[in-house]
Amino acid sequence: MVTAKLFSAFVAIASLVDCGVNAFDDNAARSKAVYQVVTDRFALTDASASPTCDTEDRVYCGGTWKGTEEKLDYIKGMGFDTVWISPIVQNINTTKNKLGEAYHGYWTQNIDVLNSHFGTEADLKSLVTTAHSKDMYIMVDVVVNHVAATNGQNFQADSSYGPFNITSRDFHSFCWVEDYTNQTQVETCWLGDENVALPDINTEDTSVVSTWNNWIKSLVSEYDFDAIRIDTVKHVRQNFWPDFVSSAGVHAIGEILDGDPAYIAAYQNNSMNSVFNYPLFYAIDTAFNSTSASMSQVVSALNNNRIQFKDTTLLGNFISNHDNPRFESHVSDIALRKNALAMIYGVEGIPYIYYGQEQGYTGGADPANREALWLSGYDTQKEMYTYITTMNAIRGAAMNASSTYNNNQATIIGQDEHNLVIRKDPVISIVTNRGSKASNAGMSITNTGHSSTELLDAVSCTTYTTDSSGAFTASIKSGLPAVFIPSSQKGNLCGTTTAATTSSPASAGVREVAYSSFVLAGMISVIALCLF
Ligand code: ABC
Ligand code: CA
């Protein structure tokens, strides 16, 4: 009796105290929406300052952890709950001209010291604490594969490299990674170049291995990080990772920069549960790149992924990051941009959005894709800021409506050359690459799983009612995506809604009904113009 009372008192107290258990397991990870920042480029400590930042100079522009902390509401305002920050450890100080500086954080020197450009230990802890107080999470980027050096193959480790100070023991002997198809070379040779070599850590040595495992364990507990993003995963032997990830004790997502699903899947299946969905990235990048591309490769990528990966619901989906030209750098049509985003939200997986997408940033290849965000003024009225907010809100409403939403795989319930209809219960998404100049179209949708139900397209705030078989005719305007959820489950989506006028009951099949005739009409008028 007394014991029971004591126990319930303990439970009551425990639930009031923040025990620091914010880290998420796989199931919790599936519900997260991640916003990636480049710490140096995201936000300054002094919010009133707005220094120029020429990406081509490749130097520190001044972003800090304090700055990130102060802009958490800007991130949360779009519906993100997780922030992926740049690597936090001390980096090399480049002194040679034209090398650029380690502003991105990937040029490790000493893993036991913080990068003072980004702030102090107290600042970093404050960022995590403040995030947690807002029900937000911090994912830290970690680099295990290498350190960095400016003297190329003449690199000699010393005490400035912290625990990795014995050249012969802690590093693989010099050779450049030149052939990415040679896995031994990929794992044991060095990345980088003559300017900034990335001496390859000897992850076969048992004392190196225990240094890493102890380091990640204490790093996560010291700063109370919730998740880690692991760099250059394919450059370290696969069986190094399970112990490292379990030492971290938090969700880990690995970067394996490769388009081949079979190759990447081995890492999810054997090493860490979550990896970036590079195969889908490449497929989306091509399919939504132009109005003449075909959707079929997106469908193949989805199907191949499901064959190869043990769990596609844990993949990190993205269309932009710091290593590739922004999607927006080669796709200017806002309709195509919106569709590409609707695609990653429409299928299974965890959405990752790269800072600046919401401001319409268009930087090309590294270093151009790492623009300073303060130059945008953090405008929360921007069209893409609002659109991304809608995408996250639909996802949130779907999660509220269905406890299995994050575990559901998407099904393609309609497909032709330029359109896909994706069902991930209870949400139906229509994506198209017809572009914003496309004529309006009516599209017949069947097999929605919602019979005689009012559905809300939360992108246009238009409602439709399905017939008893679950069919309806959606109208697609200006090549925009449409994302439907039952009105009864819409939560806060769309203040005012308008009933669709074209929602006559559809016939079976997923052909676009009015689309072909509109296109035909367009062609006829073009011909007429040519004639006269
Ligand atoms: C920059 C410039 C360089 C310059 C250097 C001084 O500075 O880009 O041109 O010479 C960091 C910085 C970079 C910096 C590098 C090198 O360090 O962010 O700005 O380069 O100093 C991770 C991070 C990345 C980080 C590092 C290094 C690794 O995300 O930000 O870079 O810590 C490889 C690695 C991958 C790595 C990437 C940059 O390089 O595997 O982990 N990313 C093929 C290979 C890939 C390779 C990729 C590089 O090329 O297979 O392994 O990535 O472009 C698909 C294929 C793929 C193929 C792609 C291109 O096409 O399926 O296999 O990828 O179809
Ligand atoms: Ca290696």
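In case you wondered, yes, glycine gets a Cβ from its N, Cα and C as well.
Unlike curated records, TrEMBL annotations are generated automatically.
Same-site candidate for Ca(2+) 1 binding, as annotated by TrEMBL with ASN145, ASP200, HIS235, chosen from GLU187, GLU222: GLU187. Between CYS53 and the candidates CYS19, CYS61, TrEMBL records the disulphide pairing with CYS61. Annotation for the disulfide-bonded residues CYS175, CYS189: lowest Cβ count within 10 Å of the residue's own Cβ, CYS175.
The recorded positions near ligand 1, defined by a Cβ under 6 Å from one of its atoms, do not include any of CYS53, CYS61, CYS175, CYS189, ARG229, ARG370. For the pair formed by ASP323 (substrate binding site) and CYS175 (disulfide bond), distance between Cα atoms is given as 23 Å, rounded to the nearest Å. Comparing the recorded positions ASP231, ASP323 by how many other C-beta atoms lie within 10 angstroms of each C-beta, the top residue is ASP231. Under DSSP, HIS146 (substrate binding site) is assigned to a strand (E or B) in the three-state scheme.
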